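Below is one structure, written out as structure tokens, with a few remarks after it.
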Amino acid sequence: MALEIEARDVIKIMLQFCKENSLNQTFQTLQSECQVSLNTVDSVETFISDINSGRWDSVLPQVSQLKLPRNKLEDLYEQIVLEMIELRELDTARAILRQTQVMGVMKQEQAERYLRMEHLLVRSYFDPHEAYGDSTKERKRAQIAQAVAAEVTVVPPSRLMALIGQALKWQQHQGLLPPGTQFDLFRGTAAMKQDVEDTHPNVLTHTIKFGKKSHAECARFSPDGQFLASSSVDGFIEVWDYISGKLKKDLQYQADESFMMHDDPVLCIDFSRDSEMLASGSQDGKIKIWRIRTGVCIRRFDAHSQGVTSLSFSRDGSQLLSTSFDQTARIHGLKSGKLLKEFRGHTSYVNHAIFTSDGSRIITASSDCTVKVWDSKTTDCLQTFKPPPPLRGTDASVNSIHLFPKNTEHIVVCNKTSSIYIMTLQGQVVKSFSSGNREGGDFVAACVSTKGDWIYCIGEDKKLYCFNYQSGGLEHFMMVHEKDVIGITHHPHRNLLATYSEDCTMKLWKP
């Protein structure tokens, strides 16, 4: 059952924040536009005491921020004017009588009452009986204090900050926010350090070891940079702390060893753009959608007749694009749980697919050596092209395609050759990068740095190749694993790479 919160209460919390931080103009504007009154004081007892003692210099600033019934406000201001006349503070009495809005309204609607104060003001003496009638000054104060106090309440100070603090503590308690983590309140995520300069990693920081009979088939960083997830041939999906290289035990389900998992090897994973959901695809053609914070499976799809080779969320997180060994790409609806679109036309495995940045097209890469561009709504194939063949002349399987950050109409195409290409969606080669290897160095995987300044490729020779976009040259290469490397992924904000291999390890690299 959803917890309902009154909109007026939210406004009052905002008004209190404005009041406590002396944002007086904002306070008045918000109160006027929303027609919501705060009507709080720090202490009712002190407020009553100030009225009973005639400490009007303390009472007036508080009253100016309250919405009181007009008759009670008039009684209060009348009492202040009479007491100022009694003290012969005639300038103050005159200013209140002639310059305040309350007295101005009284002059128009209760002329006789108003003129009585004007007459008392110009007299050379003060007669308490004439001013207060059968009552006394003290009794008048007490009556006003009692009447005004009924209109105000007391709430704890700094409610906005207190509520935010409580929310953050709850997130920590639930394992959603690791202790000691800086939090970006505006974005609603833990604050992440962002590397200013895009540069290639070359130092091994951590080696994550899997079981002797297990290795990672896929790994991905979350878009917010908080998580590194891996999926393995043993069916397990694990979330890692890339800073320590250890399993994230602040996720309670992992601390309890209740891991996300499939019955078959998990070949691919992908995060939603808000980093809240993780999709996983397995060798038996099934897809599962998980809540990354809780490890709860929220949706299952019998998506393909054969293994799922790649997954990609739509920008708004409402759809999931999948590819398979069954030669198709498909779009699934997360809310409906149904197949929405199917893309047929490849004659071999579809290895990878992505949405274009505006979501209007999808791009697929296949072992039939082609890249296809499709209309995501009509499923029409708009373009089919092949990357340039290797020097030996035969076409090569296309492993993956990647959006290029520097131009949304360009893609990075990795096929099983020793070259990688930046191409247009019409199939024209914009730029190419080559390792120079004639044999044994064909690329099996690739990724692009956040800003697009570096393109990273993994070769069959177990080496990482780092290409500089500006120079077009191979700036660095190094051996990264002892056995065949399966894939590579780049952190969204940091100069950090993760590589994973059949040697049962995943390695983290930084500059």
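Yeah, the Cβs are placed from backbone N, Cα and C, and that goes for glycine too.
Going by Swiss-Prot, these are the annotated features:
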MOD_RES   Ala2  N-acetylalanine
DOMAIN    6-38  domain 'LisH'
REPEAT    261-300  repeat 'WD 2'
REPEAT    303-344  repeat 'WD 3'
REPEAT    345-384  repeat 'WD 4'
REPEAT    393-434  repeat 'WD 5'
REPEAT    480-511  repeat 'WD 6'
What stretch in 261-300, 345-384, 480-511 has the biggest tally of Cβ pairs under 8 Å against the repeat 'WD 5' (393-434)?
-> 345-384
Averaged over the whole of the repeat 'WD 3' (303-344), what is the pLDDT?
-> 95
Secondary structure content, the domain 'LisH' (6-38) (per DSSP, counts of residues) = 25 helix, 0 strand, 8 coil
